Amino acid sequence: MTKPHRCPHIAMTGGVCVYCPGGPDSDFEYSTQAYTGYEPTSMRAIRARYDPYSQTRGRIAQLRGLGHEVDKVEFIVMGGTFMSLDKSYKDYFIRNLHDALSGHKSSSVEEAVKYSEHSSTKCIGITIETRPDYCLKPHLSEMLGYGCTRIEIGVQSIYESVARETNRGHTVSAVSNSFHLAKDCGFKVVTHMMPDLPNTGLERDLIGFTEFFENPAFRPDGLKLYPTLVIRGTGLYELWKTGRYKNYTPDQLVELTASVMGMVPPWTRVYRIQRDIPMPLVSSGVEHGNLRELSLARMRDLDIPCKDIRTREVGMKQIQEAVSPDDVELIRRDYVANGGWETFLSYEDPEKDILIGLLRLRKASPVAFRPEISEVPSSIVRELHVYGTAVAVSGRDPTRFQHQGFGMLLMEEAERIAKEEHGSEKILVISGVGTRHYYRKMGYELDGPYMSKSLKDFDCV
């Protein structure tokens, strides 16, 4: 988590979003923007005085102490709009994340990334939280240099009027533009959405989510669903206190969440449902701590299938339903999103609805700006993920699905599609710094921040 800093749009709009707690000017003094300081991540950050090196080393030690394998690490950079901070702080922060893994003391981000690549604890990805207006070409190029592979964009609502009334400080067209630019760079795009905002209503919320999943201008790869909370010190708290705002009832919220989950396409992962803000700090809003569980139960009552990735992951199925896949086959789904042709490849057991591994392949749009992608016709692998219980980088376990060859099979099919159907001369992968060696084994080479391979002499099997 980054140091506390003010929201970048205050200078333009005169204040933060009406529902937003935390930040240097809030009732929660030592917290970052959008956090109270009492979330588990916030408390660890405060204990480390927001030092990125100490936070990383402390968390790794904690996970090891709990018996976890920690030879693979994924960072999520939280705490407001990181990309709005000055470059010297951003470089210092990212440099220390990588150095905390490698043990090397670097003088630049480039040096830190180089040593991190060979660390025994591998950085398999970095996620950075940002806003649509801080997800433009310079920001995206900077994030690529950091080793970032996924972006979480605060959208909250696709209604222009709601964005204006809640003081978001950006337009809805900025949202779709940021999605387009980010996906053409190869990033996975996860969005934060907030149902139950002022002047919305149940019907309008449902229409908005339908648009969000079906309109090619949006179609995110992942979703964090954060129903609106009323927290003291916010503008929304004043509206609630004076009777000008009222949350959905608990039953309405379960119905809404179940309906939204029923809309989620099979290429989208719902990462979270509801914030982890302690309930004593919430004046009004979500009353159940297990909203996802209640929503999935309601879907079963209504016989609505849930196609979201997380629900179908093999590890989740084994833990929650005690079922394992038998007949695994390659499934292909194609769709258009943000000006590009997307292919979602997966290994699944269709009968049991179990997902083992996935790959996102994109034929970049004509406006892709990165030279590594635009200089010749190119396709890019935006994600390769095999699910199940984690297996050590050098390990192999026949009872688990990682390191069983599913990743290489998905890459082979992606290369075939890129060559034969996209007409691409090059295929690129946005790779975590610590997973570059994996792609080198398949003939890929470092190409700027990407791993790439020429398809000119590629023979499809």
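Numbers here mean position along the shown chain, with the first residue as 1.
Yeah, the Cβs are placed from backbone N, Cα and C, and that goes for glycine too.
Positions annotated as [4Fe-4S] cluster binding site by TrEMBL: Cys7, Cys17, Cys20. The feature domain 'N-acetyltransferase' is assigned by TrEMBL to 304-461.
Averaged across the domain 'N-acetyltransferase' (304-461), pLDDT for the predicted model comes to 92. Apart from Cys7, Cys17, Cys20, the residues listed for [4Fe-4S] cluster, the same chain places the Cβ atoms of His9, Gly15, Val16, Val18, Tyr19, Gly23, Gln33, Ala34, Asn167 within 8 Å of the centroid of those Cβ atoms.
All protein chains considered, the CB of Cys7 ([4Fe-4S] cluster binding site) has 23 other CB atoms within 10 Å.
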